[in-house]
Amino acid sequence: NPYILATLLFGLGLGTTITFASSHWLLAWMGLEINTLAIIPLMAQHHHPRAVEATTKYFLTQATAAAMLLFASTTNAWLTGQWDIQQMSHPFPLTLITLALALKIGLAPMHTWLPEVLQGLDLTTGLVLSTWQKLAPFALLLQIQNVNPTILVTLGLASTLVGGWGGLNQTQLRKVLAYSSIAHLGWMILILQYSPSLTLLALLTYFVMTFSTFLVFKLNKSTSINALAISWTKAPILTSLTPLVLLSLGGLPPLTGFMPKWLILQELAKQDLAPLATLAALSALLSLYFYLRISYAMTLTMSPNNLAGVTPWRFSSPQLTLPLAIATTATISLL
């Protein structure tokens, strides 16, 4: 029903906006809750056992994270007597809130729900989950000052490594995208303490790249690597561009995805964190392997032209192709 859909999408926007605009922990928590409650019907809309299972898992993790956040902010108010987000001073609630937000966006080692949940959703809801749902927790993470840098660095490094290792073994595209998301979030968290503006840049480029990747898979109606092999017959021009999109996600110059990684490594080197920068750069190689694997499946395999698999790709809807065109161009040539 379009009215219900509009209401839910409005709720989705409202939750994020409330969290953005709040300086009080209680209001921030309310925004996160509205956000979660709005996306749950969107996730369960296809009445499929997997979708329902994914929704349940998502609900439980988000509820846990929100409860942790509320507990930590209450503890903070109890210890210091104020609710202001930017005035956090006590290390215990600070650590707890950081961990709660990490659970909310799916940073390693609290990441295990993300691939499972994403696998149960359709690509459109999956896209919302991978992009929009990350905004509110990130706004809070950016606002908290004086977190113990060790925690953030540990979370970030663990996420880049887990995101690299986890994706190697996958054949399902949505799980690959989930691990890719974990790895990218790791890069953002790694630099959060030293240069918040770089975190925002990485988040923005990640959104653009993920957008185009999800839309490509949506246009192809493919959810596994095998299904990509027949994409030549479905959309030849797009198929020849997709490897560039995927390599941009992997962070290869001269594509857009190289920019945040380049600047983050430079900033880490400036902060005398050369070992950290080296580890992060090496973990990017892991991700690169599975992006290459998908590119290989798409472009270097020619399927026998089964007429059943051929869709009239020239007449696909502008609602899908226009954003796809914009996102793909941005993903390839924004550097």
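Cβ coordinates are placed from backbone N, Cα and C, and glycine is handled just like the others.
Caution: TrEMBL annotation is automatic and unverified by curators.
As annotated by TrEMBL, domain 'NADH:quinone oxidoreductase/Mrp antiporter transmembrane' applies to 22-286. Residues annotated as transmembrane segment in TrEMBL: 59-79, 91-114, 150-169, 176-194, 200-217, 229-253, 273-292. If you look up TrEMBL, you'll see 288-335 marked as domain 'NADH dehydrogenase subunit 2 C-terminal'.
Among residues of the same chain six or more beyond the transmembrane segment (150-169), those with a C-beta under 8 A of the stretch's C-beta atoms are 95, 98-99, 102, 107-109, 111, 115, 175-176, 179-193, 276, 279-280, 283-287, 289-290.
Sequence-distant contacts of the transmembrane segment (59-79) (same chain, at least 6 residues past either end, Cβ-Cβ under 8 Å): 25-26, 28-29, 32-33, 36, 40, 88, 90, 92-94, 96-97, 99-101, 103-104, 113, 117.
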